[in-house]
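Written below as structure tokens is the structure these notes are about.
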Amino acid sequence: MRHLLSTRDLSRDEAVRILDVAEDMADVGTREIKKTPALRGRTVVNLFFEDSTRTRISFEAAAKRLSADVINFSAKGSSVSKGESLKDTAQTLQAMGADGVVVRHPSSGAPHTLAGSGWIDAGIVNAGDGTHEHPTQALLDAFTIRRRLHGSAARGKGLDGTRVVIVGDVLHSRVARSNAWLLTTLGAEVTLVAPPTLVPVGVGSWPVTVRYDLDAALRDGAPDAVMMLRIQAERMRAAFFPNPREYARIWGLDDARLALLGPDTIVMHPGPMNRGLEISAAAADSERSTVREQVANGVSVRMAVLYLLLSGDGKADR
């Protein structure tokens, strides 16, 4: 694997391999010393042109647990804020000897541009580009679902027949896009539920079912997992729904809807959460919730991605 730019690029075998290596990395996390020398001598640069806390910290923790050297680059206060181009930044990192670059950028397609430009000879990981994709978030979501379904017998398995309902601001969600492609590649059945104003143009070409009635989707679909998406108000330049209270009433996972879910249905959220809007406090804190698991699993999955990207070997050094 040379780059990770989109879940759409992954075959089923490649996706399962990443999840299986992530299981090895999760084992590393249970040790007294949570480190492996797998990427000793390698340099990973976290190149973030957008604000981020959990994703950047997760990638930093992942690289350090693999014994890589980590450089954190923020656009604020850097030469980028003075007008430096992506090309010049990439060539600077090339001169510094970066082996892997984790990129978050407000423009959709920026990681693809970097990977195909020839400006830098490094493995590129897309950590979120505009409203396009967020591949490692989808991988950690799939990892979380697979672990909940199969436990210790998860290795080598996909998500065949698993029913996943993704609810909320699909229009602005790179998480929804990446999950739509990855989960279906792994064999899951994916249903998107959103207000009509928050469904993107072209969704008919996605391998999903689209519905607008959350109660009907939960009742008829008997989902194994319900994933609530954050309302991304910072990306909205118009009114996409009447008001927050109305949104929560029609499309939020409240206590009443939580009580109607099947006994083994899990509740997911990529974070950060707007409690009381897309998800109630009771749902977020319930035993069904995988929110904290997703954060922990994110480190293991990102370790797997960096390992496969920079070592070229599918077997983790135990």
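Just so you know, glycine gets a Cβ as well, placed from its N, Cα and C.
Straight from Swiss-Prot, the features:
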| type | residues | note |
| --- | --- | --- |
| BINDING | ARG54, THR55, ARG104, HIS134, GLN137, GLY271, PRO272 | carbamoyl phosphate binding site |
| BINDING | LYS82, ARG174, ARG230 | L-aspartate binding site |
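The distance from the Cα of ARG230 (L-aspartate binding site) to the Cα of GLY271 (carbamoyl phosphate binding site) comes to 7 Å. Cβ neighbour density within 10 Å is lowest for PRO272 among the binding-site residues GLY271, PRO272. For GLN137 (carbamoyl phosphate binding site), the count of additional Cβ atoms within 10 Å of its Cβ stands at 28 [all protein chains shown]. Between the binding-site residues ARG54, ARG104, HIS134, ARG230, the minimum number of other C-beta atoms within 10 Å of a residue's C-beta occurs at ARG54. Checking Cα-Cα distances from ARG174 (L-aspartate binding site) against the binding-site residues (THR55, HIS134, GLN137, GLY271, PRO272) with a 10 Å cut-off leaves HIS134, GLN137, in sequence order. According to DSSP, ARG54 (carbamoyl phosphate binding site) sits within a helical segment. Farthest C-alpha pair in the carbamoyl phosphate-binding residues ARG54, THR55, ARG104, HIS134, GLN137, GLY271, PRO272: 17 Å apart.
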